[in-house]
Amino acid sequence: MSLTLTLEQTRTWKVTSATCSQPLPPASGHPSSQRSLGPRPLGCKPLGSSSCEQLHCDMISSKVAPRAEGQREMLSEGRLEAAPPSEAGPSWAAGPPSERLPPLGQEAPPPLRCHTDCLEAPLSRCFLRLGASVGTHPWLFLLGPALLTAALGTGLLFLPKEKENLEEQYTPIGSPAKAERRFVQSHFSTNDTYRFSASRTSSEANFASILVVSLTNSLLEPRIFTEVSKLDRAVQALKVVQENGTQILYKEVCAKYKTLCVPPNPLLHAWQHNSTLDLSNLMFPIHNLPNRLIYLAGFFGGNVLGETMGKNQRLVESRAMRLLYYLKTEDPEDSERSKAWLTHFLDHFKDMKSTLSLEQTEVVYFTSLSRQLEFEATSKTVIPLFHLAYILIILFAVVSCFRLDCVRSKMLVAVFGVFSVAMSVVSGFGLMLHIGVPFVIIVANSPFLILGVGVDDMFIMISAWQKTSLTENIRERLSNAYSKVAVSITITTVTNVLAFYTGITSSFRSVQYFCIYTGTTLLFCYFYNITCFGAIMALDGKREITCFRWLEKPDQKYASLKKSCCVPFGSAPDEHGEDKHPMNLFFRDYFGPFLTTAKAKFFVVLIYIFYIVSSIYGCFQVQEGLDLRNLASDDSYITPYFNVEEDYFSDYGPRVMVIVTESVNYWDGDVRQKLDKCMLKFEENEYVDKNLTEFWLGAYIQYMNSSGNDPNDKNTFMNNISGFLKMYPVFTFDVNISSSNEITSSRGFIQTVEVSSSSNKKRMLLQLRGIAENCEVPLMVYNQAFIYFDQYAAIIENTVRNIMVASTAMLIVSLLLIPHPVCSLWVTFAIASVIVGVTGFMAFWNVNLDSISMINLVICIGFSFDFSAHISYAFVSSTETSVNKKSIEALYMLGYPVLQSAISTIIGVCVLSAAKAYIFRTFFKIMFLVMFFGAAHGLVFIPVFLTFF
């Protein structure tokens, strides 16, 4: 977003970063021997030829107050032209004698030098020369970027075809859970072809899940079990016919326990083998069958429990049932066959469901492939929105650049300006793909943002061009226009690019890649604006001259030319470049005076108090982490699945491994006591069900005692483990015994509860890790879900760090290019206020704090800087006598550019509000909040608050 610091509506001296008037070497071919760059800033210390000669240097303004536009100096062709004596007025004599300009006709003292223009002055000189070069050779600067775009655009051929790894992109880099998983994989083995156990797997297995919801109060009835059993048989009967004619049957790819497929639901399996099973006399969470125990927690939801019997309660009613079809995963070939069966399941489930005509139940489904497949499908929904976004921006640009002055109207130039932005997207993306930066789905948001931000510099450059005189040649006009916008478009580009590049420090790869793509594309946008778009303006300048000459001396031979360049009006332009936009007059004559009244200030303060209080409250309500259902589109089949799971199966969370990571003396009573103490602390935790703990050591001690063996003797302890594991094979993969007959590691299990919300997941994770860390025995906790839970612990830390780094970068830039302490103070205030507001109102708009929204919070730092820095500096640079007039003048100069920038960015991203996917709508929501609150600070809050000091 680029905001000009010039008084766009009058020909005045440019007020940008703090500069003092000083002579500069003339541009090549320039008639003037020296060019004044602007007024000295407040607090500027002047220097003589080599050192300071005074202690103080007050700013002498060469701006004209809006109320005295007729009394002004004109900068034309690099020369300072004084108004005729008859037009001179007393306004120039305002202020103390040291601030007055010398009377006309007298020689002015030599300009004082200062060091605060060390960046602005060279930058303006560079742009002065660049503008002259572009004006002299426009076709070179037009075709060069076009050829560069064509070359870099070949990188789009490398857009990834393979699937995006969601875990890699949307979970923290180097998270503790990933290290824990590597430990589990290296110390514990599994066997999904003979002894499968879902809680013992280190990574997500291939599976299909069906949630069955009864249309009555309870599904614990034979007739409903009959219907569910019919559904189960239909699923297991699915078979895939491959191209070579071979078939893939469920029984071939299912995960097995001994020789049978793991049952999808233990109670349903027991009922299928014994239909006389009394469904009204079940215990929960563990039911005791005549020959074995079955674990019901997680398989039944929406439960109504009755009287307690031991560690269990009677299951009175149950509204929902889960069917889990685990498939082979460990062997790569088996895994591919399992995925083929799952794909067939997804393709035919709806038809199968309609064929069964289920009357007693509703069913929803999900597979281990669903998240990835639906995420990929989501990316395709946003492609049609690109065209709409570009059409809207072109319309906005055309309307913004339309003038009744047929020569000055820049409608076609605006259209080419939008194409220049599109070229930057192609070049930036192509370059990143050429050098191998991964393209992730959220990068698809970037073109919408670039589109909105990129056209802002175009508007500024057109505005500066409109202030030049038609009597000058193209080279001089473009040179003058470039020198006026040099600092304005550079400072906003630098701040926005820095804001994005600070995102590279994020722990989320998706954020890193988005920021790299967007920051690089913004640099191309800046480069193409000062080359390609400048060339377009130079070529259009030739059209202006031709049309202007025709209007001065009409010739019937050029009637067709008039139609092409002077449509729709034939009004003659002002050759000296007057171009007062009605919106600037609105801010000067209506909005500014209204805003500075006592009543308006009172209401603004009340509104701000309400805003900041609401925002702070909202900050404490924000949910953390990326909800996996949000990776799919709204009409995806996985959305109702997650809704049902949240409604009925949220009581029980993941089953967590408690791992003894080192070799300890299990036969030592003191060691076992320490372990028991740690396990007791786990069971006492609010997120753990103490009745569902499973640990091989306790069962082994009972086994030893019942067989009359001494568990405190090392040899006896170690020699009896093999017999114990044969009797209790479920613990086979829980004890890791080395070749030297030493237990190098072992594990038990605890059951988590009440962790459906992101805040509870985070607290549970941190508390369990804290207990493990403080235990006297080396312990570790792990579940495959912790890979995603880690984002809850990392997201706030990452957000705060990125915001701090980006804010620091913004302040350094502001001090270098706008070296005024008051400006820095208000920049800091605005950045903090906008970030708090956006974060707080995220909660009211149902947006989580996740890797996607974190990107936008970093973005808002750059935009907050743009709005606040320019407005506050225009205020402190004003020489008006009262604070109210200073505020009005600041709004007159910058009110419309601020509004134009906000509107163009909102238009660029507004089409995302129609997207069917959360990740795209979230981008729109937060960008809307950023632009709305940023513009509110720049146009309302800061102009009012500045009048209080």
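Using the three backbone atoms N, Cα and C, a Cβ is placed for every residue, glycine included.
Here TrEMBL flags 18-42, 68-108 as region 'Disordered'. What TrEMBL lists as compositional bias 'Basic and acidic residues' is 69-80. Annotation source TrEMBL lists domain 'SSD' at 382-539. Taken from TrEMBL, the feature transmembrane segment applies to 385-404, 411-433, 439-465, 485-504, 516-539, 824-845, 857-876, 896-919, 926-946.
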Positions on the same chain near the transmembrane segment (824-845), where near means CB under 8 A and six or more residues out: 611-612, 614-619, 621-623, 803, 807, 810-811, 814-815, 818, 853, 856-857, 860-861, 863-865, 867-869, 872, 925-926, 929-930, 933-934, 937-938, 941-942, 946
Residues from the same chain, set at least six apart from the ends of the transmembrane segment (439-465), whose C-beta lies under 8 A from its own: 1-4, 6, 8, 159-160, 164, 169, 375-376, 378-379, 382, 385-386, 389-390, 393, 396-397, 400-401, 410, 413-414, 417-418, 420-422, 424-425, 428-429, 432-433, 477-478, 480-482, 484-485, 488-489, 492-493, 496, 509-510, 513-514, 517-518, 521-522, 525-526, 529, 533-534, 537, 541, 579, 852, 855, 859, 897, 900-901, 904-909, 911-912, 919-920, 923, 927
Considering the transmembrane segment (385-404), which listed stretch of 411-433, 857-876, 896-919, 926-946 counts the most C-beta pairs under 8 Å: 896-919
Intrachain residues whose Cβ lies under 8 Å of the transmembrane segment (857-876), provided they are six or more past its termini: 1-3, 5, 15, 17, 42, 449, 488, 491-492, 495-496, 498-500, 502-503, 515, 799, 802-803, 806-807, 810, 813-814, 818, 820, 822-823, 826-827, 829-831, 833-835, 838-839, 886-887, 889-891, 893-894, 897-898, 901, 905, 926-927, 929-931, 934-935, 937-939, 942-943, 946
Model confidence over the domain 'SSD' (382-539), averaged pLDDT: 85
Same-chain residues near the transmembrane segment (926-946), Cβ under 8 Å, at least 6 residues beyond its ends: 449, 592, 595-596, 600-601, 604-605, 607-608, 826, 830, 833-834, 837-838, 841-842, 845, 847, 853, 856-857, 859-860, 863-864, 866-868, 870-872, 875, 883, 886-887, 890-891, 894-895, 898-899, 901-902, 905-906, 909-910
